[in-house]
Amino acid sequence: MYPLKVLSTWAPFEIDALGLLTLLGANEVDMAVGRLAPSYWLEYMPLLAGFVFAGSRFRGKQPAFTLYNISSGIVTGNLAAWFTRWMQVQEFEVSRSIVYWEIAKVKAAHRRWKYFIVPAAISAFFNGLLIAITMLSGDWYGFANALSIIFLIGARSYMIQASRDAIDRVVAAARPLPSTFTGAVQDWQKKHGQKHQKPPANGSPSGRPITAPRPRLDSKQWRPEVAKILVTMPDSKAVTMFIPEHLLRGVFVTETSILSPGLYRLAQWLGWVAFTVHVVTLGMAHLATQLYIIALTVIPTVLTCYGFGCDDSRIYAWWRGLWDKKVRQPYIHWAGAHLKATVFEWPMDVEFSKDEKGKIHRRKRNGDVVPRGKRSTARMDLYAWLDLSDEEQRSLWDWHLLPHQRGHDDTWWNDFEDKKSLIRENPPDIHSAKNSIQRGFEAASARWTWTFGGIAKDGKDIEKGHAA
């Protein structure tokens, strides 16, 4: 009566629901790995939610971020995928955080090998142990699962590294804009760099020297080379950033192009096949193999989501916070081989206070530390710290970041003008503050031979950005 009734009793093997474990943690893994930050220890360890990489979800755009280019009067909500994920992982303050991006010259080959040998050795040990256990116990489903894990790691590593290399190529090829002073000088040198023109065709003496004037810094109003940026996040945090103008569009706004799209697509398909085998065979492996695989994937996933071994490790930040709870310590993050970010806060001397008569004063440079819980979180103070010009303030007005004036109450605007005047008397030098922080890291890197996230070789190799 039922031609396929035999299928009701066909059961050469069993599949349980343990494979569903591999679907957990997708959002967390997407943010942690999608920010493209390498881990000194866990770079090649297996992770949960392998479909995030097989589907290239970590390169998808994220909404609810807005970038305000205050220097140029441009606003956009279309930001690069790695940039938004990187921001979500950072523990920024409500309005006091600063990120200073710059191009720095490092030994790229040394840095890449450093982030390859150690994590590759760790991964080879634990995955090799899994293969040995499955082979010696005759657990061939477990052996197939171990191979799928290795292929997943390979596909993920290639896709992540291809995305990092794409950023490095854009940074290396970027040149200052012609409307900036540095860009104008480079264009002038490119066009008029030779002292003499080629000799005329009639054989007369060499041409006359070129008399085109060299651009001067005081000859016109040049476009700022480092843009003053304000980025608002989905949780309403406002982060101040200083980004080289010529990197803004190619690195932080648009998505960088993969060098070999065909190989990238092949890695995706390999990842999908490996992920499918991983899900199916996990439930059919021996119990001992299952427990080992669970520990091998869950523990690295949790540590990776907390940035273990990364420049922006939240575990290390928590450890430092145990010793100094009053101030959030700065740190340095490398986004690739050339792009460096220094993360810190607005100086304490820009804080404001009111006396008994209601007059606003600026904090003096007396070296006292203001506890983190008592520092300002007001947008008004942030706008005052930015030391806005009239054009920049008009842009904030057009973007609806400043309140509209009403005749019955001008308290906000009166306080804002008072604070802005205090800042203009002695504007904070963010560039000098950034340089001071970096010198501190260089000194600490020269003293220390071992840090929580890696080994510091010398004073010029600031890999982790950890300082006392």
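A Cβ is built for glycine as well, from the same backbone N, Cα and C atoms used for every other residue.
As recorded in TrEMBL:
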{"type": "TRANSMEM", "residues": "115-134", "note": "transmembrane segment"}
{"type": "TRANSMEM", "residues": "140-159", "note": "transmembrane segment"}
{"type": "REGION", "residues": "188-219", "note": "region 'Disordered'"}
{"type": "TRANSMEM", "residues": "266-285", "note": "transmembrane segment"}
{"type": "TRANSMEM", "residues": "291-310", "note": "transmembrane segment"}
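Residues of the same chain lying 6 or more positions beyond the ends of the transmembrane segment (115-134) and with a Cβ under 8 Å from any Cβ of it are 38-46, 140, 142-143, 145-147, 149-150, 153, 285-286, 288-289, 292-293, 296, 309. If one looks beyond the transmembrane segment (140-159) by at least 6 residues along the same chain, the residues whose Cβ comes under 8 Å of a Cβ in the stretch are 13, 33, 43-47, 50, 53-54, 56, 123, 127, 130-131, 133-134, 263-264, 267-268, 270-271, 273-275, 277-278, 281-282, 284-286, 289-290, 293, 296-297.
Same-chain neighbours of the transmembrane segment (291-310): 21-22, 25, 28-29, 31-33, 37-43, 45-49, 89, 119, 126-127, 130, 133, 142, 145-146, 149, 282, 285, 316, 453-454, counting only residues six or more beyond its ends whose CB sits under 8 Å from a CB of the stretch.
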